[in-house]
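Here is the structure we will look at, set down as structure tokens.
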Amino acid sequence: EVYFKNLSKQKQKEVMEKNGNNHKLRVCVATCNRADYSKLAPIMFGIKAEPQFFELDVVVLGSHLIDDYGNTYRMIEQDDFDIHTRLHTIVRGEDEAAMVESVGLALVKLPDVLNRLKPDIMIVHGDRFDALALATSAALMNIRILHIEGGEVSGTIDDSIRHAITKLAHYHVCCTRSAEQHLIAMCEDHDRILLAGCPSYDKLLSAKNKDFMSIICMWLGDDVKTRDYIVALQHPVTTDIKHSIKMFELTLDALISFNKRTLVLFPNVDAGSKEMVRVMRKKGIEHHPNFRAVKHVPFDQFIQLVAHAGCMIGNSSCGVREVGAFGTPVINLGTRQTGRETGENVLHVRDADTQDKILHALQLQFGKQYPCSKIYGDGNAVPRILKFLKSIDLKEPLQKKFCFPPVKDNISQDIDHILETQSALAVDLGGTNLRVAIVSMKGEIVKKYTQLNPKTYEDRLELILKMCVEAASEAVNVNCRILGVGISTGGRVNPREGIVLHSTKLIQEWSSVDLRTPVSDALHLPVWVDNDGNCAALAERKFGHGKGIENFVTLITGTGIGGGIVHQHELIHGSSFCAAELGHIVVSLDGPECLCGSQGCIEAYASGIALQREAKKLHDEDLLLVEGMSMKKEEVVSAAHLIQAAKLGNTKADSILRTAGTALGLGVVNILHTMNPSLVILSGVLASHYVNAVKDVINRQALSSVKTVDVVVSNLADPALLGAASLVLDYTTRRIY
């Protein structure tokens with residue numbers, strides 16, 4: 001509501017004038033089943049809320065009107081929508097022939113309805129056979145079509161139907177970046193594609209019901225607790241009905257053996273559903289004490305049921321799409337959703353051919369809690385869609401235009417006034433400062449916040465959450481859509497669980513800390529955590545010298561010495577997440593003491609702390625300052641003073657720097673002989689002072705076969721923040737299912 005109140009009146013006038021003075025856009029929304037209504041209802045509410053711009057006509061057909069599937073048209077009436085037309089289009093039989101006959105029956109009945117309503121545009125959702133009949137009728141009757149959720153990839157015949165509707169549709173609203181790129185690759189007009197997110201997420205992300213226990217008890221019984229029940233929803237796979245029925249039978253056997261209270265929803269109206277219902281009745285599911293079998297659950301209540309379930313199992317798109325918003329574990333069975341983008345809460349059992357496989361998956365997933373996922377939406381889809389509808393010019397030619405290759409680069413194709421940049425929220429926990437930044441897909445730091453890093457765990461975590469919430473709010477103002485949060489921190493990190501295992505001495509009270517859970521809970525975003533050295537390597541791989549390099553090593557030369565190793569394009573963490581502790585390679589058995597407790601580590605020679613220690617020794621002996629240098633009485637001696645003294649001819653300072661460079665060089669030689677990378681990247685404030693010394697040591701000490709390695713200084717201004725962002729951006733752009 002706030003979004004639309006802030007629209008300029010001038011823009012509204014222009015839209016009205018473009019479509020002919022006070023002409024309202026007449027929108028026909030056709031809904032075929034309970035699933036598509038959950039996506040269309042938020043749009044319908046938005047249209048109804050703006051009568052000055054739109055007229056809404058609602059057409060109901062398909063399984064909405066069948067008693068065996070719950071007569072779900074009633075929930076449309078309960079939502080206070082006027083149903084202008086009811087069309088009985090389903091031919092019973094639940095086999096392939098019945099699906100074809102149902103499409104034919106809908107094609108016979110729809111022309112009369114569309115002639116009577118004369119809509120300016122018809123909104124069609126998804127990939128059901130009923131939707132194909134709607135799109136075909138509208139296209140042949142020269143009615144503009146807006147297709148919701150085109151460009152996605154899944155299994156079965158749905159893919160073919162979805163892409164067929166895409167070719168008939170004039171405008172497209174997609175939910176993910178991949179779907180948008182698929183539409184572009186299918187030669188659809190870039191200007192008629194809107195990346196909005198899934199409309200159902202507008203409701204999911206704002207769904208707060210303090211009385212959810214009454215809903216759970218109503219459907220599952222009074223003795224059921226949250227996270228201690230299962231929701232099962234499985235549909236037939238129309239391209240392999242026999243196998244899908246067998247898989248459903250195995251699923252029910254596994255659920256019976258697992259012995260948890262389970263809510264089983266009846267399958268949809270596709271071919272094979274009748275046989276699946278027979279399997280349920282054969283196994284006595286409707287009378288089993290652990291099962292509740294229902295035809296339909298109202299969407300508002302269904303949200304609460306899956307949000308607080310211990311697990312969801314089946315092959316419904318709801319499991320791989322909507323349930324991710326709550327972090328509820330999901331077991332996706334078979335091939336029906338093959339190709340769908342999913343969050344980490346989804347465990348795939350592609351070949352669910354035995355009861356043991358399904359039972360094992362239940363044991364792995366049940367009761368877990370994953371970070372909330374926003375792959376399919378950020379809760380603002382409906383405002384974008386309504387704004388997109390208002391921008392449609394009815395005077396434009398009706399004939400579709402196709403954009404054949406070459407297609408545009410991978411840039412945002414949102415309509416110009418909603419252009420948003422895909423971005424990450426990057427957090428860098430240093431020994432002194434705590435920094436949070438909004439980082440774009442191209443590595444641009446859009447906005448950065450810096451605060452002193454608190455000394456206690458409680459204060460530090462509170463500040464992290466406060467800064468992240470502030471940055472996420474600001475992202476809306478700078479047209480950035482946050483895909484997730486990446487956190488770079490010192491110490492040993494378990495990136496799989498998002499836990500800091502052990503901290504460096506520079507960050508106090510920072511061991512055995514779960515960072516993922518509180519940040520994910522506060523922002524409703526997926527969160528990744530890794531060591532700062534590993535993050536620096538990821539930054540180089542995505543944005544720096546390491547881009548496209550198969551094997552390279554990054555060394556950070558700052559307050560301490562750290563690093564990261566990339567081997568065969570992948571980051572190495574090690575068996576106990578201790579790989580790439582390069583600062584603690586020992587280069588001398590009797591060298592100075594290191595903060596780790598050992599002696600002769602690279603860090604004891606070449607880190608900023610080590611140089612500061614040597615600078616203080618020289619200063620205490622009045623051997624640091626030379627002509628051209630001065631220090632205030634209260635000024636703290638630092639590594640910078642040592643470097644300045646060496647540049648001005650202080651031989652002792654120069655000797656210390658050469659020793660430090662030699663120690664670092666010996667460490668690099670050890671790395672070359674162990675990992676044999678093709679590139680060594682020196683990063684951090686001291687990198688430029690060490691690069692020549694490192695090259696000299698390699699020439700003197702390394703085997704001839706590794707002397708050709710390239711040693712370069714990083715050109716990245718903020719590797720820690722960029723690396724934290726890479727944790728998010730790499731994951732969201734490289735995932736293949």
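Backbone N, Cα and C define each Cβ position, glycine as well.
Annotated in TrEMBL:
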DOMAIN    53-390  domain 'UDP-N-acetylglucosamine 2-epimerase'
BINDING   ARG492, THR504, ASP532, GLU581, HIS584, GLU603  N-acyl-D-mannosamine binding site
ACT_SITE  ASP532  active site
BINDING   HIS584, CYS594, CYS596, CYS601  Zn(2+) binding site
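Take the CB of GLU603 (N-acyl-D-mannosamine binding site) and look out to 10 A: across all protein chains shown you find 27 other CB atoms. Highlighted in sequence order, GLY583, VAL586, LEU595, GLY597, SER598, ILE602, GLU603, ALA604 have their Cβ within 8 Å of the centre of the Cβ atoms of HIS584, CYS594, CYS596, CYS601, the residues recorded for Zn(2+), and are not part of that set.
Counting only same-chain residues six or more apart in sequence, the Cβ atoms lying under 8 angstroms from the Cβ of ARG492 (N-acyl-D-mannosamine binding site) belong to VAL500, LEU501, HIS502, ASN531, SER576, PHE577, CYS578. Within 8 A of the CB centroid of the N-acyl-D-mannosamine site residues ARG492, THR504, ASP532, GLU581, HIS584, GLU603, the other residues of that chain are GLY490, GLY491, ASN531, GLY533, GLY560, ILE561, GLY562, GLY583, CYS596. If you compare every pair of Cα atoms in ARG492, THR504, ASP532, GLU581, HIS584, GLU603, the residues listed for N-acyl-D-mannosamine, the longest distance is 16 angstrom. Here THR504 (N-acyl-D-mannosamine binding site) is compared against the binding-site residues CYS594, CYS596, CYS601, and the shortest C-alpha distance is to CYS596. Of all Cβ atoms in the protein chains displayed, 22 besides its own lie within 10 Å of the Cβ of CYS594 (Zn(2+) binding site). Recorded residues HIS584 (N-acyl-D-mannosamine binding site) and CYS601 (Zn(2+) binding site) have their alpha carbons 5 Å apart, per Cα-Cα distance. Each of the binding-site residues ASP532, GLU581 was scored by the other Cβ atoms within 10 Å of its Cβ; the lowest score goes to GLU581. Highest local Cβ density among the binding-site residues CYS596, CYS601 belongs to CYS601, counted as other Cβ atoms within 10 Å over all protein chains shown.
Spacing of CYS594 (Zn(2+) binding site) relative to GLU603 (N-acyl-D-mannosamine binding site) is 7 Å (Cα to Cα, whole number). Around the Cβ of HIS584 (N-acyl-D-mannosamine binding site), 20 further Cβ atoms fall within 10 Å across all displayed protein chains. All protein chains shown were included, and the count of other CB atoms within 10 Å of the CB of THR504 (N-acyl-D-mannosamine binding site) stands at 20. Recorded residues ASP532 (N-acyl-D-mannosamine binding site) and CYS596 (Zn(2+) binding site) have their alpha carbons 17 Å apart, per Cα-Cα distance.
Here the CA atom of GLU581 (N-acyl-D-mannosamine binding site) lies 11 Å from the CA atom of CYS601 (Zn(2+) binding site). Within the model, the domain 'UDP-N-acetylglucosamine 2-epimerase' (53-390) carries an average pLDDT of 92.
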